[in-house]
Amino acid sequence: MSAQILSGKIFASEFKEEAKKQVLALKEQYNITPGLAVIIVGENPASKVYVNNKHRTCEEVGIYSEVISMPADTTKEQLIAKIDELNYRQEIHGILVQLPLPEAIAKEEADILNAICPLKDVDGFHPVNVGKLMIGQDDGMIPCTPYGCLKMLQSAKINIDGAHAVIVGRSNIVGKPMGQLLLAQNATVTICHSHTHNLKEICRSADILVAAVGRPHFITADMIKPGATVIDVGINRIAPKKLVGDVDFDNAVEVAGAITPVPGGVGLLTIAMLMQNTINAAKLQLAK
Ligand code: NDP
């Protein structure tokens with residue numbers, strides 16, 4: 001029997017509707033409009049598309065959005081000065097620096113991202129927010145992609161409590177925060193990486209399998225426990241107009257109980273959660 005398809009389109013529109021309601025409530029109760037500033041440095045065409053999508057989604061949800069374009073030869077100091085300016089602007093509740101940065105400042109990425117005030121860090125990459133997630137303090141910012149995966153699992157009523165969740169990939173933006181989020185929901189979590197032995201057996205023991213590897217069709221049907229929930233975070237371009245995930249979807253769909261497609265899956269949730277994080281940031285700043 002074919003798996004239930006967890007459509008990112010449906011969940012993303014549900015999350016955006018929720019976001020719209022919260023934006024209206026903030027306006028009505030406190031006369032506040034959440035504001036997001038996105039800084040883009042240089043001319044990376046893919047980054048421009050992402051930034052435009054973020055801007056459009058802000059407009060759709062009712063969030064004030066500012067896109068700040070800086071030239072490719074911007075120095076670390078200039079970029080940090082701009083971030084600092086935004087840190088002090090009251091109508092800006094969230095600040096996002098679009099990655100990747102141009103090569104000349106890419107190695108300074110950590111210093112640059114750490115310059116964002118943790119209360120405005122809507123990407124959830126600041127060490128203060130990483131720490132809050134780790135110790136289960138709920139007043140931090142959660143990285144958008146794993147946050148979206150968790151919200152989708154909850155919305156789809158997939159049981160997490162007591163489930164064995166296996167995450168393949170240990171990056172700071174997906175794998176590790178995904179593990180922390182599922183652990184906080186009482187899953188038993190295993191995080192795998194390129195040095196993991198017996199990957200296939202470990203994956204086959206998963207009730208929830210999250211693939212965040214960045215390799216096309218890496219997770220094959222024989223690595224999936226029948227009936228398991230499979231979340232495919234991977235986005236891999238295998239031809240100019242063809243994107244595939246980390247999971248061999250066509251075969252996996254016959255084994256899994258529920259599965260996200262690529263495209264049309266997790267990717268759509270990320271921007272929706274950026275909206276939620278901007279709202280969360282506005283609420284946190286209001287409370288301070
Ligand atoms: P990274 O490259 O930072 O991390 C990949 C992880 O996969 C690493 O931990 C690596 O292990 C592990 N890995 C690589 N090869 C193997 C292997 N043979 N066996 C087991 N583990 C392996 O990637 P990201 O986490 O940033 O992204 C992962 C994927 O998700 C990409 O396709 C990316 O495009 C996509 N993505 C999608 C988003 C969305 O919005 N849907 C957002 C962010 C990412 P090790 O640490 O040992 O090197």
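Heads up, residue numbers simply count up from 1 along the chain you see.
Cβ from N, Cα, C; glycine included.
Bear in mind that the values here come from a model prediction, so they are computed numbers and not experimental data.
Noted in TrEMBL for the protein shown:
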BINDING   G169, R170, S171, I235  NADP(+) binding site
DOMAIN    6-123  domain 'Tetrahydrofolate dehydrogenase/cyclohydrolase catalytic'
DOMAIN    143-285  domain 'Tetrahydrofolate dehydrogenase/cyclohydrolase NAD(P)-binding'
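Looking at the residues that bind NADP(+) per the record, G169, R170, S171, I235, the two CA atoms farthest apart are separated by 16 Å. On the 0 to 100 pLDDT scale, the model's mean across the domain 'Tetrahydrofolate dehydrogenase/cyclohydrolase catalytic' (6-123) is 97. For I235 (NADP(+) binding site), the Cβ neighbour count at a 10 Å cut-off comes to 17, with all displayed protein chains included.
Under the DSSP three-state reduction, R170 (NADP(+) binding site) is assigned to coil, being neither helix nor strand.
Counting only same-chain residues at least 6 apart in sequence, those with a Cβ under 8 Å from the Cβ of R170 (NADP(+) binding site) are K176, G179, I191, C192, H193. Taking DSSP states H, G and I as helix and E and B as strand, the domain 'Tetrahydrofolate dehydrogenase/cyclohydrolase NAD(P)-binding' (143-285) has 55 helix, 29 strand, 59 coil.
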